[in-house]
């Protein structure tokens, strides 16, 4: 029997995957090399990806996970399910925490010139003032923790896909690339 994923599943997966990997790389670069020239781009794409992540989460919950093609042990199956759930939750919470950090932190949210939330400046200065230092810190910590969690989980996910492709040769990766696989 042939096993194929819907075009919607494949498109949502790759749009979110490529965008989140890009955002993690840019975020890591900005924070470690203190190059703040990419913040507007990072924030704009981070907010826009929510328009894809939310439907993807709803789609995944509605459709469930694809039936595994391989014959993994019960332990590997549990690990795979955990990785998938962490990916789903973190791709949703990562931009939400980033939005919280920026908006409540007084930095505003600008999407390619459209000012969603204005920057909250201290009177007579160009210094951003948080609306709520507590919630800005919650957003910042959540965004940072999610960033590392997401990067680590993406690595596990890619390693799992490579295991299926190179070792198991079960068609899992080919199916996610749009091919119909005999199961």
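The count begins at 1 with the first shown residue.
Using the three backbone atoms N, Cα and C, a Cβ is placed for every residue, glycine included.
Annotation comment: TrEMBL describes 6-178 as domain 'Cytochrome b561 bacterial/Ni-hydrogenase'.
Within its own chain, the transmembrane segment (12-30) has Cβ neighbours under 8 Å at 36, 38-39, 41-42, 45-46, 49, 52-53, 55-56, 59, 91, 94, 147, 150-151, 154, 176, counting only residues six or more beyond its boundaries. Here TrEMBL flags 12-30 (among others) as transmembrane segment.
According to TrEMBL, the feature transmembrane segment maps to 75-97 (among others).
Residues or ranges marked as transmembrane segment in TrEMBL: 145-166 (among others).
Packing against the transmembrane segment (145-166) from elsewhere in the chain are residues 17, 20-21, 24, 27-28, 69-70, 80, 83-84, 86-87, 90-91, 93-94, 97, 172-174, 176: each is 6 or more residues past its ends and has a CB under 8 Å from a CB in it.
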